[in-house]
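Working notes, structure below.
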Amino acid sequence: MLRLFYFSAIIASVILNFVGIIMNLFITVVNCKTWVKSHRISSSDRILFSLGITRFLMLGLFLVNTIYFVSSNTERSVYLSAFFVLCFMFLDSSSVWFVTLLNILYCVKITNFQHSVFLLLKRNISPKIPRLLLACVLISAFTTCLYITLSQASPFPELVTTRNNTSFNISEGILSLVVSLVLSSSLQFIINVTSASLLIHSLRRHIQKMQKNATGFWNPQTEAHVGAMKLMVYFLILYIPYSVATLVQYLPFYAGMDMGTKSICLIFATLYSPGHSVLIIITHPKLKTTAKKILCFKK
């Protein structure tokens, strides 16, 4: 039963990743065409362009790895499997850092906090976006290299099977690997949740203020604010389970977990990228308009 559930989770993840590939290819092409036509691109679209490319490569790599894994006629190589994992880890980390940067940009640009730090960021963050994107890539490369180093230095935990369950013999090296993974994920998690929460709070307060002062409450500006607030709420719903599931998947003793736990982690980890990409498209005016034209919908 658990094997069937795990196999169903793999099929669902393949379908979701295929959808994610199409969505991110769409985001990349639309932003690229805008960039070529106008010879300039906004800070948020620059991040979306980088995010679309990274997720397209990451999800494509996942599909290739899945086909390689389930193929019975292919001789599996340990080194090739490790290469897949490390490349996926680097691309996944880069995409999350790009999303983190995008959330920071939205938080700084949209919120009306008068703190000196917010005012300083509001004035200076847009020109720094190219450098910040490069910093995201370098941080992801560093964390991936750190994972490789600690994995090589730390032997994987030995499985000790008892009558009722399976326990692990965890060394100090394994603990250092786990601590490094938790610390690297925690920084992204704290920044994302904080920026999204601040933006939701600011937008909710702004909408309440408009509702009290305006005679006609529902207008295009209010609709845009509500859309941004919904995007952040749905982002948190997708991001928080994804962060936990991804962290569990990278832990050394993940291989010894039961099929049910692996299936749940796989579904949550896979749902985030395609789901967030769809949210970006339906809340971004230019992407939404282009998508409607492609689908032959009229306004």
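Placement of Cβ uses the backbone N, Cα and C atoms for every residue, glycine included.
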Candidate set ASN164, ASN213, annotation N-linked glycosylation site, source Swiss-Prot, matching residue: ASN164
Membrane side match, ARG3 / MET259, Swiss-Prot record: yes
Folded-back contacts onto the transmembrane segment (263-283), same chain, C-beta under 8 angstroms, at least six residues removed: 2, 5-6, 8-10, 12-13, 16-17, 19-20, 23-24, 26-27, 48, 52, 55, 58-59, 62, 95, 99, 227-228, 230-231, 234-235, 238-239, 241-242, 244-246, 248-249, 254, 291
Secondary structure tally of the topological domain 'Cytoplasmic' (103-131) (DSSP, helix then strand then coil): 23 helix, 0 strand, 6 coil
Same-chain residues at least 6 beyond the ends of the transmembrane segment (47-67) whose Cβ lies under 8 Å from its Cβ atoms: 10, 13-14, 17-18, 20-21, 24-28, 31-32, 35, 41, 81, 84, 87-88, 91-92, 94-95, 98-99, 101-102, 105, 129, 133, 270, 273-274, 277, 280, 284
Positions whose Cβ lies under 8 angstroms from the topological domain 'Cytoplasmic' (284-299), at least six residues beyond its ends: 26-27, 30, 34, 48
